[in-house]
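Chemist: My questions will all concern the structure given below.
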Amino acid sequence: MSFFGKLKDRLFTSSSKLDRGLEEIVEEGAEATGPAETAAEPSPEPVSEPAPEARPEPSAPAGPRPATPDAEPPVAPPVTPGMPAAPVTPPAPPVREQPAPEPVPEPAPQKPGLIGRLFGRGETAAPRRELDDAMLERLEELLIQSDMGVETALRVTANIAEGRMGRKLSVPEIKDLLAAEIARIMEPVAKPMPIYAKTPQVVLVVGVNGSGKTTTIGKLASQFREAGKSVVIAAGDTFRAAAVEQLQIWGDRAGVPVMTAPQGTDPASLAFDAMTKAQAEGADLLLIDTAGRLQNRQDLMEELSKIVRVIRKKDPDAPHNTLLVLDATTGQNALSQVEIFRNIADVSGLVMTKLDGTARGGVLVALADRFGLPIHAIGVGEQIDDLAPFDPEDFARALTGAEGELA
Ligand SMILES: Nc1nc2c(ncn2[C@@H]2O[C@H](COP(=O)(O)OP(=O)(O)OP(=O)(O)O)[C@@H](O)[C@H]2O)c(=O)[nH]1
Ligand SMILES: [Mg+2]
């Protein structure tokens, strides 16, 4: 499978949530077009009721999910993430399930409509909704719920609206527009980690507890190895004994030596030794893991700055990269982690992990929009090859489920 195909699968949770939301939004206000939709007319009314809630405060952030509770009920039954049993027509709501009554083999009067429906549906009569303020508001809400953040969601919808108010849009068209906007925001930050001629290049990896630092180091080490680089890893998280073992396992998988020290050793002295070894061996890269969990921020700051101070004795330009690893499942929290770590360390680039299986993938768009820090790679699984370079178009398509050309 091409990597893009894989990315699409991995980002399924985010894209399917967006997908469902978009379908709802369009259906709510869909125009009656063609014979089939005439029959479905009654349903838009009960469903399109909820809007008033959202109207009074158009620009207010109003929390992540204002109008949805109202919009949800009518659609709730089919939402069942599981699969088979549900469609066995629940009793009351299926006003929309027009196809069901049809099979009754009544011949004459129904026939034209039925045939028109059978042949006309699907290709030609994709529901469309006229782009107006109410629809834009619903789009904003949907994007905010995908963790894109209020500011970014507003910007994206405003750009989509420009020159398109009053136009009738289908779900696939909206996805393409969204993907194009997202790709545009992400383009400037999509930069692989730079590789410098001077060696060893020191890469300090920081991030909160559990964000995926150690795993990312393992994946990076493996990829650099495969690219022909010689790599040394320093197990700078001496806070937890298990952390060293974990890194050793990754080092073995990647075929890369791991410098360790007993639990409780000063990570700075380990970093210094690792730097000495990397220089002596002529290694291309030294990847330094760090602890994410310390008693408090002050401790963390001191520990990181001591590591930096010590390796600078060996090379005044080190570390050449400081990668901040962020966990996508923390959603908006990732934004405050960037703020904090930018104050503690000289963050030069980001890696976003756990984009697989979260519906919060939109946070990466918010990060790009807010900070403009380079995004070097994304983690889409726990295996050694589940670290992908960040490609803005692929990401935008995978996040939105867009399949057409991006404008
Ligand atoms: N699904 C998924 N899981 C990931 C990904 N990256 C890391 N993980 C998992 O997240 C958990 C934490 O990863 P670690 O690499 O140990 O995180 P850490 O930042 O080193 O954590 P501390 O050492 O405790 O600070 C592990 O179970 C990893 O397998 C990813 O991209 N996708
Ligand atoms: Mg770790």
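Glycine too: its Cβ is placed from the backbone N, Cα and C atoms.
For 207-214, 289-293, 353-356, the entry in TrEMBL reads GTP binding site. Taken from TrEMBL, the feature compositional bias 'Basic and acidic residues' covers 1-23. Annotation comment: TrEMBL describes 31-42 as compositional bias 'Low complexity'. The compositional bias 'Pro residues' feature in TrEMBL is assigned to 58-81, 87-110. The domain 'Signal recognition particle SRP54 helical bundle' feature in TrEMBL is assigned to 110-186. The domain 'AAA+ ATPase' feature in TrEMBL is assigned to 199-345. Here TrEMBL flags 200-401 as domain 'SRP54-type proteins GTP-binding'. For 1-118, the entry in TrEMBL reads region 'Disordered'.
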Chemist: Around Gly210 (GTP binding site), which residues of its chain at least 6 apart sit with Cβ under 8 Å of its Cβ?
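Modeler: Long-range Cβ contacts: Gly292, Asp327.
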Chemist: Go through the binding-site residues Gly207, Gly210, Thr290, Arg293, Leu355 and pull out the ones with a Cβ less than 6 angstroms from some atom of ligand 2.
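Modeler: What lies within reach of ligand 2, judged by Cβ under 6 Å, is none of the binding-site residues.
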Chemist: Across all the protein chains here, work out how many other Cβ atoms are within 10 Å of the Cβ of Leu355 (GTP binding site).
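Modeler: I get 27 for this one.
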Chemist: DSSP secondary structure for Lys213 (GTP binding site), reduced to helix/strand/coil, please.
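Modeler: Once the DSSP labels are grouped into three classes, Lys213 (GTP binding site) ends up as helix.
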Chemist: So what sits near Thr290 (GTP binding site) in its own chain, CB-to-CB under 8 Å and at least six residues off in sequence?
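Modeler: Once residues fewer than 6 apart are set aside, Thr290 (GTP binding site) is near Leu204, Val205, Val206, Lys213, Gly236, Asp237, Pro267, Glu303, Leu304, Ile307.
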Chemist: Rank the binding-site residues Lys213, Arg293 by how many other Cβ atoms lie within 10 Å of each Cβ and give me the one with the fewest.
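Modeler: Looking at the binding-site residues Lys213, Arg293, the Cβ with the fewest others within 10 Å is that of Arg293.
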Chemist: What does DSSP assign Thr290 (GTP binding site), in three states?
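Modeler: Coil, per DSSP.
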Chemist: Go through the binding-site residues Gly210, Lys213, Thr290 and pull out the ones with a Cβ less than 6 angstroms from some atom of ligand 1.
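Modeler: Cβ < 6 Å from ligand 1, in sequence order: Gly210, Lys213.
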Chemist: Can you break down the domain 'AAA+ ATPase' (199-345) into helix, strand and coil residue counts using DSSP?
Modeler: 75 helix, 23 strand, 49 coil
Chemist: Restricting to the chain of Gly207 (GTP binding site) and a gap of 6 or more, list residues whose Cβ falls under 8 Å of its Cβ, or answer none.
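Modeler: In sequence order, Lys213, Gly292, Leu324, Val325, Leu326, Asp327, Gln337, Phe341 meet the Cβ cut-off.
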